[in-house]
Amino acid sequence: MDDPDSRVVSEVRRTADAIGSMEVRGAATIADAAAAALRAQAEQSDATTAADLRAELRAAARTLDDTRPTAVSLPNALRYVLFDLDGETVEAVRDAAVRRATEFCERLEHAQTDLGRVGANRLRDGDTVMTHCHSTDVLACVEAAVAQGKSLSAVVKETRPRMQGHITARELAALGVDVTLVVDSAARRYLNDVDHVLVGADSIAADGSVINKIGTSGLAVNARDRGTPVVCAAQTIKLHPGTLTGHTVDIEMREESEVIDPETAATLGDVRVANPAFDVTPPRYVDAIVTERGQYPPESIVVLMRELFGEATAEPWVEK
Ligand SMILES: O=P(O)(O)OC[C@H]1O[C@H](OP(=O)(O)O)[C@H](O)[C@@H]1O
């Protein structure tokens with residue numbers, strides 16, 4: 001058979017490009033798109049043997065996995081779809097991959113709805129939340145609280161450099177939340193006025209650290225100083241199995257041009273620009289992690305991780 005990498009279908013390449021450029025972004029949304037792309041690979045492949053189709057699916061998974069390194073929902077999605085493709089015919093492997101991908105996307109949707117209900121219980125009528133970046137898991141909590149008839153306000157950090165806070169502001173306002181948009185550096189000024197800091201996550205480590213959009217850790221430290229609880233809304237797809245065996249989470253470094261346009265940068269002289277996309281908030285600054293399976297103090301998330309993953313963290317797309 002030819003090189004399986006050359007048989008990756010265009011839909012997979014388009015999805016990988018969209019994830020890399022952040023046209024498709026947000027940990028849960030990335031996972032959903034990656035599973036759908038693997039389903040497309042299975043459906044559109046013209047492989048003639050089961051082994052060839054498996055090799056193609058692994059190649060497609062590598063293409064998707066090579067896009068962004070921090071959100072573990074991406075490799076977790078790939079692992080889920082490729083979990084058990086031992087069939088002896090092309091049809092058997094194709095059917096298994098399509099079934100696993102479809103099941104994954106359905107589970108993701110249900111998990112977010114369930115998480116929203118759990119998170120909504122923390123929010124009382126009249127509360128104000130402060131948000132950072134844009135998280136569909138956070139939005140699910142607010143949406144469920146609003147559906148319960150609670151009236152909420154939000155202070156929304158704009159979230160430099162890509163301003164995903166604008167998406168959050170728009171979506172919260174559409175839910176009927178009273179929204180105030182602030183620059184990131186104004187967050188501390190408003191912490192006395194808010195009842196909860198509510199953030200999402202790209203990965204959760206076994207020690208309960210929250211890996212989320214750059215700026216989350218500073219916000220959490222300030223919130224602790226002011227006595228404002230910090231709640232992280234993260235489906236279990238964000239739990240990072242590699243950290244169970246001592247691995248750390250890669251922090252993505254993105255383009256300088258997201259921080260400053262090249263012409264302006266040129267006027268500054270010999271200046272280096274650094275653009276880390278995420279940071280790590282230690283568990284002592286986080287009050288609770290809200291998942292679809294309930295709320296956990298960050299230090300006990302490892303129990304849930306062991307239950308869900310055991311000690312196995314194999315990445316099936318790495319095998320040739
Ligand atoms: O899965 P949901 O809750 O939608 O998003 C989780 C996290 O993904 C985003 O990363 P990026 O914007 O893709 O870099 C943000 O850091 C956000 O908190």
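Yeah, the Cβs are placed from backbone N, Cα and C, and that goes for glycine too.
Look at TrEMBL and you will find Cys133 tagged as active site, proton acceptor. Annotation comment: TrEMBL describes Asp202 as active site, proton donor. Residues annotated as substrate binding site in TrEMBL: Arg25, Gly26, Ala27, Ala28, Arg68, Asn212, Lys213, Lys238.
TrEMBL feature annotations superimposed on the structure.
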residue	record	Cβ neighbours (10 Å)
Arg25	substrate binding site	18
Gly26	substrate binding site	22
Ala27	substrate binding site	28
Ala28	substrate binding site	25
Arg68	substrate binding site	22
Cys133	active site, proton acceptor	27
Asp202	active site, proton donor	30
Asn212	substrate binding site	30
Lys213	substrate binding site	24
Lys238	substrate binding site	26
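Checked against ligand 1, the recorded positions Arg25, Gly26, Ala28, Cys133, Lys238 give Arg25, Gly26, Ala28, Cys133 as the ones with a Cβ under 6 Å from it, listed in sequence order.
When the binding-site residues Arg25, Asn212, Lys213, Lys238 are screened for a Cα within 10 A of the Cα of the residue listed as 'active site, proton acceptor', the ones that qualify are Asn212, Lys213. Overall, the recorded substrate-binding residues Arg25, Gly26, Ala27, Ala28, Arg68, Asn212, Lys213, Lys238 cover a maximum inter-Cα distance of 14 Å. Cα proximity to the residue listed as 'active site, proton donor' (within 10 Å) is found for the following binding-site residues from Gly26, Arg68, Asn212, Lys213: Gly26, Asn212, Lys213.
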